[in-house]
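Annotated active site per TrEMBL: Cys123, His263, Asn294, in sequence order. Annotated domain 'Beta-ketoacyl-[acyl-carrier-protein] synthase III N-terminal' per TrEMBL: 117-194, in sequence order. According to TrEMBL, the domain 'Beta-ketoacyl-[acyl-carrier-protein] synthase III C-terminal' annotation covers 247-336. The region 'ACP-binding' annotation in TrEMBL covers 264-268.
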Amino acid sequence: MTAEIRESTAPRHARILGIGAYRPSRVVPNAEVIEAIDSSDEWIQQRSGIKQRRWASPEESVQMMSVAASRQALERAGVDASEVDCVVVATVSHLLQTPAIATAIAHELGTDQAAAFDISAACAGFCHGIALASDMVRGGSATNVLVIGVERLTDLLDLHDRGTAFIFADGAGAALVGASDVAGIGPVVWGSDGEQFDLIRQKEDWRDVVGTPALPGSGVMPHLVMQGNPVFRWASFAMAKTAHQALERAGLKAEDLDVFVPHQANMRIIDAMARAMKLPDHVKIARDIAEQGNTSAASIPLALDRMIEDGEAKSGDLALLIAFGAGLAYAAQVVTVP
Ligand SMILES: CC(C)(COP(=O)(O)OP(=O)(O)OC[C@H]1O[C@@H](n2cnc3c(N)ncnc32)[C@H](O)[C@@H]1OP(=O)(O)O)[C@@H](O)C(=O)NCCC(=O)NCCS
């Protein structure tokens, strides 16, 4: 008889046990970015809703910000770092190709040699991480998974690019996902549309920038570029449908929701999605973009943390998360606020 693999764990539920955030100390108002892009505070606020953003100092590295956000998430969850058995970091702006920054973060936090890896799903990265963490906890391959969304997009920013310089920013958010008696993370609805691969991207390949031994490059950092208009249309309409599907998959209706936390890309996209989804008035909507800019993978945990801090989101509330961005990649799920 052929031997069979033995399952060592029974399926269980997962939920977010704690959220943490790190916002860089330097606040950058629109006035500081407008000259280089021939813009105005009024134009930026009207087109994007952004009033200010935070940009990291040299000391506020991807690792430093991640560790700070993670420590807060762990403290709020009441879980010691030694109990974390997996660290997942969603980022596109850790500029050392290998090893994964997650390993250094896991070590600095004091985990007991947790599994650690990075994922690249741009602005959708945090929701991808939550989906993976939920499945890991439910499937039994991990007990406490730390999901971190972190960016230092200023390293990839062309301050003279009118389409991106005022949008992107820095920061880190973290969520500890652990076991639960009841379902605290709904099924993920996710996907990608690679036909639109070029809409948001790193403009230059590293080899074109740095060169190869045979062919030295330009020595100039690669930059993020974006075709704002098609991204705007895709996000405003297609993503509202995805958000609806995430609700349906969780067996919920819009009126069951307490909180809506879409990726903080643009205030007009947030408003368009809320309208398309016909969200009832009682649903509180994250609008962190005004103060924080677009922090890509960090935007959802930062926005949720802000709502918890401000008393807009309470423990036990049902929150719909939806993240979308370069790829184009997207992911959405309903979670219970810790
Ligand atoms: C970037 C964005 C705010 C630009 O707004 P827009 O309305 O699409 O702007 P357009 O590129 O069509 O340009 C409209 C006008 O504003 C001007 N303009 C463009 N950028 C400008 C700037 N930074 N400041 C002032 N004027 C600007 C253009 O020259 C154009 O002028 P014209 O009408 O005289 O030709 C918008 O496209 C957007 O938010 N897209 C989605 C971005 C996003 O969410 N990205 C992240 C996804 S993860």
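All residue numbers here begin at 1 and follow the chain in the order shown.
Using N, Cα and C of the backbone, Cβ positions are placed for all residues, glycine too.
What TrEMBL annotates, mapped onto the structure for a quick look.
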{"residue": "Cys123", "record": "active site", "DSSP (3 states)": "helix"}
{"residue": "His263", "record": "active site", "DSSP (3 states)": "coil"}
{"residue": "Asn294", "record": "active site", "DSSP (3 states)": "strand"}
Cys123 (active site) to His263 (active site) - Cα separation in whole Å: 7
The domain 'Beta-ketoacyl-[acyl-carrier-protein] synthase III N-terminal' (117-194) - residue tally per DSSP class, helix then strand then coil: 23 helix, 29 strand, 26 coil
Other CB atoms within 10 A, centred on His263 (active site): 32
Whole-number Å value for how far His263 (active site) lies from Asn294 (active site) (Cα to Cα): 8
Packing count at Asn294 (active site) (other Cβ atoms within 10 Å of its Cβ): 24
